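Here is what Swiss-Prot says about this protein:
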ACT_SITE  13  active site, proton acceptor
ACT_SITE  41  active site, proton donor
BINDING   12-18, 40-42, 292, 318-320, 390-392  GTP binding site
BINDING   13, 40  Mg(2+) binding site
BINDING   13, 14, 15, 16, 38, 39, 40, 41, 128, 142, 212, 227, 290  IMP binding site
BINDING   286, 287, 288, 289, 290, 291, 292  substrate binding site
């Protein structure tokens, strides 16, 4: 059985959603294994667009299965809205979805706590403030609610009371519980025990959909300016709920770099060029609509992401956005304390470095020699080949190499 993963090699927003939808046609099921509604995967079907915050980005037109694993935290409001969307677009597509009963639930009060905590920091992280970090914190403290807890309302109520005590906050437990149970009942028929899901799925071809990117991974990313989970390949097994051997790991990278929120960004452009990239690439967060910070491609960080994720195939997106630039700078290394480095072992000192660029000739067309030279140069530097090049926003605008 085929097992593959699609992960981001930067700070998220690499275009993974479109890639997953395209690749899903070769697999039986797409699995979301981490994160929550802080993700935002935009899929352009041509006649309509869909932004997946929780639902896996499977091609629903091709009737591909979707599974939300126990490593995901579920906002029931967002989930119900997305289920309605896909069902309106493709009738009966709801039946393609299964959700782990062991997935934790984001309750409304988490969003308020998330905002309060981030606002009180001396150096704000810049979270999406959707309660994701609070959900994972409560899971670690063993007081978080799981979907299966609503099968026994008294059990769910006890967890809500524990949350109130743990965070020293008061809220109407009965009102929140009644609201959550009402929403839970709307998806009850889609729930499945993680162990049962594994029995069903382990004999199928699976595509694991990563969220955010390696540089936002809670352990391997630019800590503390990271998300709350292992969104790289290290999160697949716990997020799926079963040991699984992933054979193909597709690493998705933009032809340039973007970042939402705070944190170090060595190649950031704080000038008109950066603004131009943002405009041309429509670089605004799919979840928050915040403007993304933009900069040149950073091969040092890409190498780090490849190494820490065991990526073995590359996919480039948004190369078309750079068409028309006369020169394209690529960050080939860093100067740190007067010394030159082409690789780093961690991300702790990115604020202390000076990026070193090499300029290459730009291109007017993705069919030009100049663009081919750009691709070959990156392949040589990274020691990996590109499997696909995305040539536009629509699903079909992708070339297999």
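Sequential numbering from 1, following the chain as shown.
Each residue, glycine too, has its Cβ placed from N, Cα and C.
Location within the structure of each feature annotated in Swiss-Prot.
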{"residue": "12", "record": "GTP binding site", "contacts (Cβ under 8 Å, 6+ apart)": "211, 212, 213, 216, 260"}
{"residue": "18", "record": "GTP binding site", "contacts (Cβ under 8 Å, 6+ apart)": "41, 42, 43, 44, 57, 317, 390, 393, 394, 395, 398"}
{"residue": "289", "record": "substrate binding site", "contacts (Cβ under 8 Å, 6+ apart)": "none"}
{"residue": "292", "record": "substrate binding site", "contacts (Cβ under 8 Å, 6+ apart)": "13, 258, 259, 260, 278, 283, 284, 285"}
{"residue": "319", "record": "GTP binding site", "contacts (Cβ under 8 Å, 6+ apart)": "255, 366, 371, 374, 389, 390, 391"}
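Whole-number maximum of the Cα to Cα distances across the IMP-binding residues 13, 14, 15, 16, 38, 39, 40, 41, 128, 142, 212, 227, 290: 34 angstrom.
Annotation note: residue 319 (GTP binding site) sits in a helical segment as assigned by DSSP.
Put simply, 40 is the one of the binding-site residues 38, 40, 290, 291 whose Cα lies nearest to the Cα of residue 15 (GTP binding site). Under the DSSP three-state reduction, residue 291 (substrate binding site) is assigned to strand. If you take the Cα of residue 291 (substrate binding site) and the Cα of residue 38 (IMP binding site), they are about 15 angstrom apart, rounded to a whole number. According to DSSP, residue 41 (active site, proton donor) is assigned to a strand segment. Put plainly, the recorded positions 41, 290 were compared by Cβ crowding within 10 Å, and the winner is 41. Following the DSSP three-state reduction, the secondary structure of the residue listed as 'active site, proton acceptor' is coil.
For the pair residue 128 (IMP binding site) and residue 40 (Mg(2+) binding site), the Cα-Cα distance reads 11 Å.
Cα separation, residue 40 (Mg(2+) binding site) to residue 290 (IMP binding site), rounded: 12 Å.
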